[in-house]
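Everything below concerns the one structure shown next.
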C-alpha cells in the first residue's frame, strides 16, 4: 500500500482519461526520442519560478499539504485536524479517490506557505495556549501527550512528494523516513523513548518534548530549457524543539520545549519554521523518488526469495512431468496392448476409480460458489499487478492501487457467475437461483460484514480511517448495481451452455474406498499441500505486511508479479501431485480436496500474520488488536478463495 501523501495542488480536470491517452502517446513518442523525458500518466511536473517572474506555466507559491498522522504502535490513524496544531483557514481540501478514502488518507491544506527561492528564518506560524484548569484545554493537551507517547508521525507533502526526515542509522547508512514524530517522551526513570535519543538536551524525567520547529530544505533542479523555471526534486526537514521566550518575535534558540507530565497552569506552544532552497544538479525530476526508496534496504533479500521460489517450482514441475510422462505413458501403453477383455479386468491404481471419478462432490453448491468468487479474485489480482508493473500504480499516484482493485473486482462479476454456473451444472445441480444469489452475496457479504464491524470500531475511536457514510453507500451501490447484475449475466450464459462432457460414464453404485494410509487421508494431504505455495511467498508477505502495518512504502511490484506467477504455478502443481497420489490409493473424492490443498496456504498465512503481530509489531490497545485481526481475516478469506 503506497504511503499516504498529497495530491497535486490542482484537482485533475474531468478530461483526465483523454489527458492520460495523450500522455501515453507523448511518452511513446518520447521513448523514441532518447533525450526526451518519460512521465507516468496523470503525473506531470510542475514548474516554479521566483516571485515577480511568474508566468502561466510557472508559479512562485509552494503549498504544503498535510496527511493523516499514524503510528507503528497503533492501528488508528487520525487526521491533522483531530490534533490542536496550526490550522489553515478557509482553504478547501483536495479531492480524494476511492482508494485513498479506503486507506484512511485525509489530505488537507496546511498553514505553511513558501515562496520559491525565498529564504525564511524562524517564521512564526501560530501559538497555542493551554490552560490546564479548563477541561477542554486539558483534553487537547492530554491528546497531544498520548500521541507523543505512541510516537504518532506527521506526513507532509510538497509538490506531491513526501517531506522526509533523513538521519543516520547503523553501518553508516542514511534512512529517509517519509514522516516525522510530533514529539517524544522521557520515561520516569530517565530513559529516552523513540526520537528523544537525537538530542542530549532532552533529559528531564517524565517529560514530553514537542517538535514545534522544523528546518525545511527544498531541493530544486533547473530545467535545461531556462524559460521554464525549476522543478522540485526533494523536500527534507529536521524537527527541532525550542521554548520560544518571545512567541511574537521568535529567535529559534535556547532550551527545548518541554511539557512536564504533571504540568499545571498555563502551557504555551509556539510553532515556527525555517525554509531554505538548494539547487541540485544531479537529480532529475523523473527520478526524484529514488532517494527514499534506496534508503529502504531489502532488494538483495528479494532476489534470494525469488531464487528460493523458483527452486520449489522446478522441483514440482519435475515431479509432475515425471508422473505424467513415465507413469501415465506406461499405463496407457499397457492399456493399448490389451486385446482380450480378461486382461482388462486386472486394472490397478487410478484406473480402478474411472467409474466414480466424476461423481458430484458433497456440498457441490458451496464448492461452485467458491470457485466463482476465486476466479473473480484471481483475475482481479492478475490485472492489478500487471498495471502496477507498468508503473501506473506507483506510490506517487496515491490510492490508485486500491481504487484499481475495487473497480476491477466490481467489473469482474461476469466470470464469477459464469464459472460458478458451469461447475454447478456439471455437478448436476438444479437450484440455479440459489447458486447465482450465493455467488453474488456469500463471499462479498462476509468481507463487507467484517469491514463494516471494523469501521464501527474506527468510528467509535474517532479515527480518520473510518469510512464516511457516503463512501459506504457508494461501495454498496457499486456492489448491488454493477457487480450483482454482471454476476447474473455471467450465470445466465453459464447455465445456457451444455454441461461439461465427462469422458467416462459414472457407475450406478458408488465404489467402496479401501483403508487409506496416513498420508493419503484427506487432512494430512491438505496440510502438506499448503506448505510449498507458502514457502514461495512468505518473504514477500513480510514486506507487504510491513507496508500495511508499519507504514513503509511498497514499490517492488515487479518482484510481486513474479512471485504471483510462481504462486499460481506452485498451487496448481502441488494439487495435481497430491491428487494423483490419492487417486492411486483409490480415493475418488478429489474435488474438495484439490480446492482445499492449495487453499490451506491461507491458514499458513494466518499463522504467519499472528507470528508477525507478536514478534514484529509494538501495537498496544484493544481496539488496535481487534482491528489488526479483523483486517487480517479479510485478507485470509480473499487469499483462501484465490489459492483454492
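The backbone N, Cα and C atoms fix where each Cβ goes, glycine too.
Of the candidate ranges 303-325, 326-348, TrEMBL annotates residues 303-325 with the feature transmembrane segment. TrEMBL tags one of the stretches 268-291, 436-459 as transmembrane segment, and that stretch is 436-459. Proximity of the transmembrane segment (595-614) to the transmembrane segment (303-325) is not established, fewer than 3 Cβ-Cβ distances being under 8 Å for residue pairs spaced 6 or more apart. Highlighted: of the candidate stretches 366-393, 399-424, 436-459, 526-549, 555-583, 399-424 has the greatest count of Cβ pairs under 8 Å to the transmembrane segment (465-495). Just going by CB pairs under 8 A, the stretch in 303-325, 436-459, 526-549, 555-583 that sits most against the transmembrane segment (366-393) is 555-583. If you look at the transmembrane segment (526-549), the same-chain residues 6 or more away from its ends with a CB under 8 A from one of its CBs are 1, 3, 72, 75, 298, 301-302, 304-305, 308-309, 312-313, 316, 519, 556, 559-560, 563, 566-567, 570-571, 574-575, 578, 593, 596-605, 608-609, 612, 616-617, 619, 628, 643.
Within the same chain, the transmembrane segment (555-583) stays apart from the transmembrane segment (399-424): fewer than three Cβ pairs sit under 8 Å, each pair at least 6 residues apart.
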